[in-house]
Each structure stands twice: as C-alpha cells, then as structure tokens.
Amino acid sequence: MTLTLRSSTSFINLKDTKIIKAPLLEDLHGIISFKQAKPLSRLRIRSSLQETRIERGGEKLEKLHSLSSNHHTNDLRVPVFVMLPLDTVTLGGSLNKPRAMNASLMALKSAGVEGVMVDAWWGLVEKDGPMKYNWEGYAELVQMVQKHGLKLQVVMSFHQCGGNVGDSCSIPLPPWVLEEISKNPDLVYTDRSGRRNPEYISLGCDSLPVLRGRTPIQVYADYMRSFRDRFRDYLGEVITEVQVGAGPCGELRYPSYPESNGTWRFPGIGEFQCYDKYMRASLEAAAEAIGKRDWGSSGGPHDSGQYNQFPEDTGFFKKEGTWKTEYGEFFLAWYSSKLLQHGDSILAAAKGIFRGTGAKLSAKVAGIHWHYGTRSHAAELTAGYYNTRHRDGYSPIAKMLAKHGVVFNFTCMEMRDGQQPGHANCSPEGLVRQVKMATRDAKVELAGENALERYDGAAYEQILATSRSDSGNGLAAFTYLRMNKNLFEPNNWRNLVEFVKSMSEGGRNRRLPESDCCGSDLHVGFIKEKKIKEVAAV
C-alpha cells in the first residue's frame, strides 16, 4: 500500500515504539521485512510552492523558491546526522551485517535524519600494502545510503581505533606502517618517560619520507585521492562531507590523554607528547633560532607533572607556574604551532584533492573541558591548544580552517557545567561559547557532536540550546554519537525523533504529537502497513 506521511520527520506513531524487539547489531531479517525501495522519483512532495517570476533579457524565468507558510521552513534548520558503528566495515573489507544496516538506515530516514557518518579506516583500506586500496565495503554502504535518500559524511580516519572513550573494536594502523614503526619507534608520539603511542604517526615527521619513500602527508594525500577517484560519481550528491582526520580519534590534537592500559584517567592533566627524535629536533632548532639553545635541550618542561595529576600539583601548570614565564610561553607557542602546521598541511592537500567535487571538508577539534576553570587550562595545553584564561587558543585554529574553507567540527555540545564533578573545574558550556565566538569571528562554519553517548532529554535540550546563534556561531550541522542497539530503545528513539524535529525547526524545542497529522504530504510507497511498528525497532 501507499502510506501518506503528513510530516517529513517521521512516519512512526510514537505510541507504537514500545514493541521494539531487535537490537541493531543482530540480524534483523527475520523480524523486519520491506519491499524493495523505489527510485527517488517515487517520493514526491505535493506541498504548494510559491513561484517567483523573473525577467532577464526579455526571457521569462520561473523559480520555485519557498514552501508555503504551513511548513515552518527557515534558514535556521540544523541537519542531523548519525554516526554509524565503528565496525561498519569488517576487517575483511566487507560491509558488516548489511541486512541490519539496511533496516537501520530506513528507520533513520523515517526519523527525518539527514544522513549518517562513517569512518573510512586507513588500517582497513590500505592494509594490504602501500597504495593497495580496498574500498569495496564502503562502496556497498554508499549505494545503500543513496537508495534510502540519505547523505553520507565520510571520515578519513588515519588513526587507530581502540584504547579511547567509546572504542568498541580494535583497528590498528596498516600492517606495513606498523612494520616501519617497529624499525623506527620514533615515528609515533612519545611522552617524557619514553612511552610510545601507536595511535597516530607523529607530526614531527610530516615532511620526511619515512613511510617507504613517502612522507606521511603524501601518504594521506594519496589515500584521499584514491577515495575521490573511487567515489567521484557520489561526491557532492550522496557524500556531502569529507572529514579529514588529523590526529588521535580523528581530532586535531596530540594524544595527551590516552586511556589504553589505564595510562590516563579523567580528569588528569595529561602529558606533553614531544619526545620522539623528530619533535625534539624541531624544538632544538626553534630554541637555537632565538638564541636560547638550552630551552630545547631537555625536550620539554621538566615540571609539567604526570598524566593523572592536577594543575596545582605541578610547577608548570599551577596558578603562578612556569607556563607564565618566558620559557613557558616559548614552549607552548612552539608546541601549538606545530599542531597548527600539521592541520594546515593535511587540509591544504585535502582542499586540492576535493576541489570541484561539491563535497564539504571538515576537521574535528576536541572538547577538552576539564580544568577549563583554572588559569592555565592544563589539559588543553598538553593536547596542543594554547588556550589560557588570558589567551584565546581556538581563534588561530578557526582562522586556519577558514583559510581552507573547512568546517570547524567541535564536540561536547551535550554537556552542562552543573553535571560535571566540581573538583575537575570543568566548563563545557564556557568552552562551547568560546568556540562559537572564535568561529563567528573567523567566519568559518561550526558543526557539532556529542562527546559521550547520551539518550536523555536533558542532553538533547542542551544541544538545541547550543545550536542557536544567540552568542557566536550557530551550528551548520550536528552529528549524533552513535547508532547502536540502545538508540532504538523506545524512550531513546522517541527522544531522537523529537530532537531531529526540533533541529529541523531551528532549535525550537517542540514536542511531537502522538502521530503526525499535518505538514508536507510526503508520499512513501514502499512500506508494508503491518510492519510499521517493527520499523521503529531497527
């Protein structure tokens, strides 16, 4: 039968979501059945459109430009994407549980979601050897996303998966890269005690041919170029955004707070990651260039403490600590500038590769909100963000991204100050406000994510509040972390549907009616009536 939807947000009668049966990661084929999705031409909107007649050179043109006032459309709409599971593509390179994925995408489309995000793991795609790429699992996903009329954000994930918050599987760097690291351990970030971190290649060797004759930046560029060539026909239409990974967890930062093996625990200040031979050589050269050779001899501050200490436990980060001295300012400027240069190099390459494809570029910056209330902002400093009470560390990042036309993607949009432990001096709200102002001043688009899995109404309300442009930039898009079986629990699903509806109306927090009965007259002709309840369960 043909089901007429009176809202573009959802076809689900929300009372019926109580019968949800199937978790995402199980094979749903025996529970949910669908007819084959029809081509996109099968979907039609009967809404009345206003016409504008324009005359140009005596030629009459007609332009359909706006929906009628019944549809509440406005320029403040914030499209919502949902992150797919980390193991969406298997270690063997194929799409994981395709029938379950198909059903899940159909449910997300029904909720009014704009699209989904997926990690394109370097460790999967180029694992068989240098420049031997396998995109087949991702190709299957792209086609499935297109079939459901969704959009796709693809992350160029040059980091390992495993060992950080939310990592549910292990995907190391490509074996041939790990082989090079075993021969030269200085290829990865190193802390003061000599601990090596294999999450990401050290930016200290960005311009050196250390990966079988290619520099890391060249390797990343070749990877992105291969992706562009493989998916050229989908870029700009289905694949609307490419997020360029620039560090651990895909974020432009140093791996200063690694959770693997219990190295770091919240809310520790973390440690500087500048002790591989390439970073040490750069620091020595910077110190010698200003006539302070001894400033580069130790590799970093001797009094910056250990991962799980607090600022006041250290000589460097305490209230009137070394961070405020001439040496401290020199070191922090060098450390943060190296991170900026890394971002600039990889994004310059990405801009050249994806120019003209129609796909947006974005880069992710970490929401390090603990110890934000202190003078030194120690946890931000060790991650490479030179942000203190009297210095704006996010403005230089925003300006660098603006130079390349790259969207500034930021996390912790769901957090409130009052929900954080008092001893950690957290202020996620203050941090988000600062970033919103920095991006507004730099004239760069701001997009957001939630840092932790949240399904409650309070988290969604906070995201709605931060999405608006009341102070600084509003959000251009929001990507929700993450699609899993918990998302499809009855209350969680209803909260998501209401959230997407509110974001589509510019952040107005309006509750959905129990069943949608007015709106866009969107016709969907491929859903079995008796299966509507089960669709909510995907």
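Counting starts with 1 at the first residue shown.
Heads up, the Cβ atoms here are built off N, Cα and C, so glycines get one too.
Unlike curated entries, TrEMBL annotations are predicted automatically.
Marked as active site, proton donor by TrEMBL: Glu251. Residues or ranges marked as active site, proton acceptor by TrEMBL: Glu449. As annotated by TrEMBL, substrate binding site applies to Asp119, His159, Asp167, Lys364, His369, Thr411, Asn450, Ala451, Arg482.
Projection of TrEMBL feature records onto the structure.
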residue	record	Cβ neighbours (10 Å)
Asp119	substrate binding site	24
Asp167	substrate binding site	15
Glu251	active site, proton donor	24
His369	substrate binding site	26
Glu449	active site, proton acceptor	22
Asn450	substrate binding site	22
Arg482	substrate binding site	18
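Glu251 (active site, proton donor) is 14 Å away from Asp167 (substrate binding site) when you measure Cα to Cα. Of all residue pairs in the substrate-binding list (Asp119, His159, Asp167, Lys364, His369, Thr411, Asn450, Ala451, Arg482), the one with the greatest Cα separation is 25 Å apart. Reported as a whole number, the C-alpha separation between Glu449 (active site, proton acceptor) and Glu251 (active site, proton donor) equals 12 Å.
Taking the C-alpha positions, the distance from Glu251 (active site, proton donor) to Asp119 (substrate binding site) comes to 13 Å.
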